[in-house]
Amino acid sequence: MEENKQRVKSMINILQLVAPGTPLREGIDNVLRAQTGGLIVLGYNEQIKSIVDGGFHINCAFSPASLYELAKMDGALILNETGSKILIANAQLVPDSSIDSIETGMRHRTAERVAKQTGSLVVAISQRRNVITLYQGNLRYTLKDIGVILTKANQAIQTLEKYKAVWNDGITNLGILEFEEVVTMSEVVHVLHSVEMVLRIKNEILSYIHELGTEGRLIRLQLTELLADLEAEAALLIKDYHQEKTQDHHQILKKLQDLANTQLLEDSDLVKLLGYPGQTSLEESVTPRGYRITSKISRVPPLIIENLINRFKTLQGVCRATINELDDVEGIGEVRAKKIREGLKRIQEHLYMSRHN
């Protein structure tokens, strides 16, 4: 899984470097439109030096226009790692010919071998096929047309909306069962599955946003709006039901996101994520601590909620507490005690109304 995370991180960094709106992408697009083809290497370390033959050492500031003009020559362009300087123009690259390559064209074969040999980012711009291919180490990625990515991103947003509705239904039903004291592991796992799917689609949309660059601003806004409060509530759900109260619920949610990015999770995986043995029955009754529900009461800060849970242990304990018992909790006076009682009653009524609508 660590290897996959590193791979994803590398791809994000690469896509951000050549995303629409960046000077480098503007220059690459100019070369693509001119149909001259081109080979661009980012980074000039000892390994690159050993395979560069000839060329003009110009060491000038990067500009899209300069890239376009210099790409008219047959050789490769060598840039610094950040793409802010053009170091060498018209360079001949001589990588180790024994390195395997799946490419057929000379330009792309050279690009793949240079990337594998040096680990540097190499951009190959096809002369006839209007395709931009990125290579780094064993990574190979073909940039898609912006229109295609936008279509896929919008489809993913629509799918996310559907799973958000599934989450809303599940979390409403769970809230009602919490007040009725009849929650089983099955209901908790069901809600966590909807969180898993939301996070899986979020990861996919983020990859589109990275590739879209400045063109992905609206998609990012939609994603932010759709996920507003969902992840925070999911973290509190984990805090409510994890076997160990002291576990960092945000870290567990992050672990869920990492797992969602690599595989479809079984019920037993989610049960284990909550600190229980994988063979735990889904019909087993579980009791919420009450962090999620009490956080919905207005003007009750997290420190007071922590004091409440420490005193009454569970949501049921908080609900059954009298005004005097609530008043005894540190930080809660008589006025706030009444607000907590009224707040819990309003939340319960709202949940019942939501279920019948």
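In case you wondered, yes, glycine gets a Cβ from its N, Cα and C as well.
The domain 'DAC' annotation in Swiss-Prot covers 8-146. The ATP binding site feature in Swiss-Prot is assigned to Gly75, Leu93, Met106, Arg107, His108, Arg109, Thr110; the stated evidence is sequence analysis.
Shown in sequence order, Leu39, Ala76, Gly105, Ala111, Val114, Ala124 are the same-chain residues outside Gly75, Leu93, Met106, Arg107, His108, Arg109, Thr110 whose Cβ sits within 8 Å of the Cβ centre of the ATP site.
Between the farthest pair of Cα atoms in the ATP binding residues (Gly75, Leu93, Met106, Arg107, His108, Arg109, Thr110), the distance is 14 Å. With the fewest other Cβ atoms inside 10 Å of its Cβ, the least crowded of the binding-site residues Leu93, Met106 in this structure is Met106. For Thr110 (ATP binding site), the same-chain residues lying six or more positions away in sequence with a CB closer than 8 A to its CB are Leu39, Ala76, Leu93, Pro95. Note on the domain 'DAC' (8-146): DSSP counts are 49 helix, 40 strand, 50 coil.
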